[in-house]
Amino acid sequence: MGIKHLYQVIAENAPDAIKAGDIKNHFGRKVAIDASMSIYSFLIAVRSEGQQLMSDTGETTSHLMGMFYRTLRMVDNGIKPLYVFDGAPPKLKSGELAKRTARKAEATEAHEEAKETGTAEDVEKFSRRTVRVTRDHNAECKKLLKLMGIPYIDAPTEAEAQCAVLARAGKVYAAASEDMDTLCFEAPILLRHLTFSEQRKEPILEIHLSRALEGLDMDRKQFIDLCILLGCDYLEPIPKVGPNTALKLIREFGSLEKVVEHMESDPKKKYVIPEDWPYQDARELFLNPDVREASHPDCDFKWEAPDIEGLVEFLVKDKGFNEDRVRNGAARLQKNLKTAQQSRLEGFFKPVARTDEEKANLKRKHDEKLQEQKKRKKEEAKAKKEAKARPRGAG
C-alpha cells in the first residue's frame with residue numbers, strides 16, 4: 001500500500017522533486033527493484049479476458065509472463081535490474097496484513113457471487129481484489145531470474161528498505177517500487193512505473209528525496225512523521241486527517257509527539273487517535289529498519305549470460321510459453337546485457353552540491369509558486385460562491 005497521498009503532497013508542494021521521462025533515459029543504470037510489488041502488479045495486470053494467464057495444467061503464469069517480458073524491456077533499454085524480495089514482515093505490520101487478508105477473503109466471496117449473478121465488470125473487479133503473492137509465485141520468479149542471468153537478493157524484512165540501502169551506497173542508481181514508503185527508508189532516488197508495460201505509455205517517474213525534503217522544508221524525521229500521519233502500512237490512519245491536514249499539522253507542530261498532544265488536549269476532540277497507535281515504533285521501523293549493509297556478502301550480485309535451454313525447458317515445456325518468443329527473448333537478453341556494461345558518463349563525476357544562494361533561489365521560486373496556487377484557489381472559491389449566490393436565470 002505504501003503512504004497514502006504522498007505523491008500528491010510532493011507534486012503539489014515540491015514539484016522540482018519529480019522528473020518524468022522515458023525509459024531510455026536510464027540506459028546504463030543499475031536499479032534495485034522491489035520484487036514483491038512487481039509480481040503483485042504482474043498478477044493484476046497480465047491478463048486475458050479479465051482472467052489471469054494459465055498453463056495447460058491450470059497453473060497461473062501471469063507472474064512469469066510479466067517478469068520475463070517486463071525485465072526484457074528494461075534490459076532492451078540498457079538497464080541492469082537487480083530484484084530484491086521481501087523477507088518476514090515486521091511484527092507491527094501484522095495488523096495491516098491481517099486486515100488485507102480479511103479484505104481478500106471478502107473479495108473472494110464477492111467474486112464467486114459475481115460469477116453467478118454479476119456483470120463481467122463485477123467479476124473482473126472482485127477478481128483483482130483477491131490477488132496475493134504466494135511463496136510459489138516468489139520461488140518460480142526466482143527460478144526464472146536465475147535462468148535469465150538476472151541477479152536477485154532476499155531482504156531480511158522489507159524489500160524497499162534493502163533497495164534504499166543499495167541506492168545510498170551507490171551500488172545501484174535508484175530503488176524502483178510503486179510503494180512511496182521507499183522514500184521513508186531514505187532511498188535517494190525512487191523510480192515508479194519502471195515495470196509497467198509499454199502499452200500503458202506511462203512515463204518513468206524519478207523522485208528525488210533531497211529535493212522533496214527541500215521543497216517541503218522538512219528534515220527526514222519530520223518527513224517520516226508526515227508519512228505516518230498520511231497513513232502507512234504499520235498503523236491505522238487517524239479519521240478525518242487527509243493530506244492537507246497532515247501537512248498543516250506537521251508544519252504547525254513540528255513532530256508527531258506535539259501533534260498527538262494537541263489532538264488529545266483539544267476539548268472539541270476533532271480528531272480521535274486509534275486506541276492502539278504506536279507511532280514511535282512505526283517511526284523507528286523507518287529510521288532503523290532490519291537491513292543488511294551494502295558491504296554484506298549477501299548483497300553482492302552480478303549479471304550472467306542467460307541459460308537459453310534452461311529457459312526453454314522451464315517456460316516452454318513446463319509452462320506452455322511460445323518457444324520462438326522465448327528463444328528470441330533470450331537472444332535479446334544475451335546481446336543487451338553486454339551492451340548495458342557501457343557506463344554512463346555521470347558515473348565518472350560526482351554531482352555538484354547546490355550553493356546556499358541556489359537553494360535560497362529555489363525556495364523563493366517554490367514559495368512564489370505556492371502563493372500563486374493559494375491565490376488561484378481563493379479566487380476560484382470566491383467565483384464559485386458568487387455563482388451560487390446569483391439568482392437563477394440571472395446573466
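Here, residue 1 is simply the first one shown, and the rest follow in order.
Any Cβ shown, glycine's included, is placed from N, Cα and C.
Features reported for this protein in Swiss-Prot:
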type     : residues                             : note
REGION   : 1-104                                : region 'N-domain'
BINDING  : ASP34, ASP86, GLU158, GLU160         : Mg(2+) 1 binding site
BINDING  : ARG47, ARG70, GLU158, GLY231, ASP233 : DNA binding site
REGION   : 102-121                              : region 'Disordered'
REGION   : 122-253                              : region 'I-domain'
REGION   : 341-349                              : region 'Interaction with PCNA'
REGION   : 348-395                              : region 'Disordered'
COMPBIAS : 353-389                              : compositional bias 'Basic and acidic residues'
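Recorded features from Swiss-Prot, shown on the structure.
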{"residue": "ASP34", "record": "Mg(2+) 1 binding site", "DSSP (3 states)": "strand"}
{"residue": "ARG70", "record": "DNA binding site", "DSSP (3 states)": "helix"}
{"residue": "ASP86", "record": "Mg(2+) 1 binding site", "DSSP (3 states)": "coil"}
{"residue": "GLU158", "record": "Mg(2+) 1 binding site", "DSSP (3 states)": "coil"}
{"residue": "GLY231", "record": "DNA binding site", "DSSP (3 states)": "coil"}
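Within the region 'I-domain' (122-253), the DSSP-based counts of helix, strand and coil residues read 68 helix, 15 strand, 49 coil. It is ASP86, among the binding-site residues ASP34, ASP86, GLU158, whose Cβ has the fewest other Cβ atoms within 10 Å in the structure shown.
Other than the site residues ASP34, ASP86, GLU158, GLU160, same-chain residues with C-beta atoms no more than 8 angstroms from the centre of those residues' C-beta atoms, the Mg(2+) 1 site, are SER36, MET37, VAL84, ALA155, THR157, ALA159, ALA161, GLN162, CYS163, SER177, ASP179, THR182. All protein chains included, ARG70 (DNA binding site) registers 21 other Cβ atoms within 10 Å of its own Cβ. Within the group of binding-site residues (GLU160, ASP233), the Cβ with the highest number of other Cβ atoms inside 10 Å belongs to GLU160. Long-range Cβ contacts of GLY231 (DNA binding site) within its own chain (separation 6+, distance under 8 Å): ILE3, LYS4, HIS5, PRO237. Using CA atoms as reference points, the binding-site residues ASP34, ASP86, GLU158, GLU160 were checked against ARG70 (DNA binding site), and the closest is ASP34.
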